[in-house]
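Copied over from Swiss-Prot, here are the features:
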| type | residues | note |
| --- | --- | --- |
| ACT_SITE | 657 | active site, proton acceptor |
| DOMAIN | 20-154 | domain 'Bulb-type lectin' |
| DOMAIN | 285-321 | domain 'EGF-like' |
| CARBOHYD | 37 | N-linked glycosylation site |
| CARBOHYD | 59 | N-linked glycosylation site |
| CARBOHYD | 171 | N-linked glycosylation site |
| CARBOHYD | 187 | N-linked glycosylation site |
| CARBOHYD | 234 | N-linked glycosylation site |
| CARBOHYD | 243 | N-linked glycosylation site |
| CARBOHYD | 352 | N-linked glycosylation site |
| MOD_RES | 691 | phosphothreonine |
| MOD_RES | 847 | phosphothreonine |
| SIGNAL | 1-19 | signal peptide |
| TOPO_DOM | 20-444 | topological domain 'Extracellular' |
| TRANSMEM | 445-465 | transmembrane segment |
């Protein structure tokens, strides 16, 4: 026996000597070779030195547990992406990784005990197998030396980490570590949803813990970002965002990224920052309310409240004792039946609840109006709630969603909310309105009562009395709030008039439906902006100041406060509320809500930390931060946003005031078109219109609009061309660039183009990052857009195609642009303080707005 053990150890030693040179700093292990854990630390390293395979002890533990794993090469601390024997650690230092006689990969100890193997079909005598560590981190077992004959691979047997090159399908799961230093299977599993396509789920043991949302479904704030969905699909699937197909991203952007199911229950996406540290880009669930159905059925979650969970009005906890102790999983149930005996419909009502997340509805259909949608729910005793939306106003397409089962996964919040009308029995309404802060964590929430005229006159009197009292108290509260606001300016329209202005006319909306963005209380906005403090002022626009605000949970917003009496200001307010609410695109700024209280008229937008495009490209220092690739992405993003407005949105819209100061930049420098106050809607086959009131910004208006008042989609194309040329040159169109010729930037660009010296227009800050061919392509497109004849200008769909083209030589040759002289010859008597005279006698109303 002793002799046999000695002989076995001798063989291991010989095998180690045979393979040591082949293993250390190698990417391949052949049959009969071994990788031994000892003081030498033998490892397999991928060809490009990106990944390494070897034995490790988790997170520097001092115990004897040894695991075979793969980690990023030469990166500290160790970032392990795959573990072989996660359930069976080797408990001594004598552990060996080898290819067994039957062709399987094995982890064994010095006594030959097997701790892990691949479990694949044994190889034939003639088939030689080898194991190779690829540069993408995939460990592959290959037959006959042919990399196409993959017998087994770690990418199809992951642990807790997903790497570029893997593909998430219905059979793949990511299982978390048990703890920070224990790689055995933990409590959490990430996988594709087996019931709904392209959705993802985190399971906590056998319970659903988190579920992603998909853009285009009814509602879901936990939408999986497009970049991550694309990553998980191995860059093969076409992903849609807001019902629009999104073009593929560059796979090179994912080189140093990983997706991990953590032991804490979070799905996390990381990118290597500067090749040294992992930056967390995305994680879900991000808070307690992001956990699936955190408050149970008919329970609403808001992690910013003192009490995270509350039962909906008219509901009570199923298990009160547990609820009081903070266990909300049991949810809530109705205090009263919603139908009478034998299913007879009685006087039920609906509460309007603004939610940012709710479980999927059970059915949907096209309804002519909200009244029809409400009736569908009311006439069905199983109906718990409904929601209504006008999907396409021009074609009168509407949607009605119905919930027949208990509502779950309810989450309230400020941003991105939708209205869901909860069915409640009449007796429960009065008690809710009167008791203010309820017994089960019900906050003081304004409740909209939709009264159904089937209940008795006595019930009507009770409800109307309660409602009247509530409205009176709310108005007194608002008047008190208005008293604290400085009255430096007085606005000309009443609250009633402006609300009628919002909900009237061109959209033909049902007044009870209103618009698609929430209305906020003035008190909320005053608190968010520190009572419109000057310290929070971002800038002064043509229609009023813009302030930075902070909602609970560090949600940043931008608040535009309408300035003194202005026809343009009121028109802008109406446009931005009722128009932007209907638009959703990644390159359009998002309207989050509005407020009309007394004389105050406020618009709430998503906050853009990097202000506007002009803030960067016209500043000698800041322009260095926008390299050529970033400017190309910005130009393409603006083009896609305009294409959506002109062609792909539910409304066909002309912006009429596109300029660099109206292009806002988010945290990742993605462009967002803003300021739709001057926008116009075109319906049907309408392509152009005329106006006697020319509004816009000097230097960006097309000649036919500035001189004749004629505007069309090609007017926006002209403005886009100016923005393109300004972006690539770093020069303003309204400045003098050739004083002796008195040319605008467009004229200067045209002269350089004709002389085949277009590259001289390049912003000096782009000398190192720009490619000549790419620059000339953008200049070509810009000049095509500013041609004098609108019929010669391309459509935005053609512009997007040309910008995506790889060959500039195939683009059309531009014709002469519309030159605009900046000033007439100065009189010799003019003093230095005299304002320059304009050559045109046309009266122009010009808006000069600072970027937020």
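Backbone N, Cα and C atoms are what each Cβ position is placed from, and that goes for glycine too.
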Glycosylation sites: 59, 171, 352 - member with fewest neighbouring CB atoms within 10 Å:
171
Most Cβ neighbours within 10 Å: which of the glycosylation sites 37, 234 is it?
37
Could you give me three numbers for the domain 'Bulb-type lectin' (20-154), the DSSP helix, strand and coil residue counts?
8 helix, 59 strand, 68 coil
Other than its own, how many Cβ atoms are within 10 Å of the Cβ belonging to residue 187 (N-linked glycosylation site)?
17
Looking only at Cβ atoms, how many others are within 10 Å of the one on the residue listed as 'active site, proton acceptor'?
25
List the Cα distance (Å, whole number) between residue 234 (N-linked glycosylation site) and residue 171 (N-linked glycosylation site).
15
What three-state secondary structure does DSSP assign to residue 234 (N-linked glycosylation site)?
coil
When the Cα-Cα distance from residue 187 (N-linked glycosylation site) is computed for each of the recorded positions 37, 59, 352, 657, which gives the smallest value?
59
What counts of helix, strand and coil residues does DSSP assign across the domain 'EGF-like' (285-321)?
5 helix, 9 strand, 23 coil
Rounded Cα-Cα span from residue 59 (N-linked glycosylation site) to residue 171 (N-linked glycosylation site), Å:
30
Nearest of the recorded positions (37, 59, 657) to residue 352 (N-linked glycosylation site) - Cα to Cα:
657
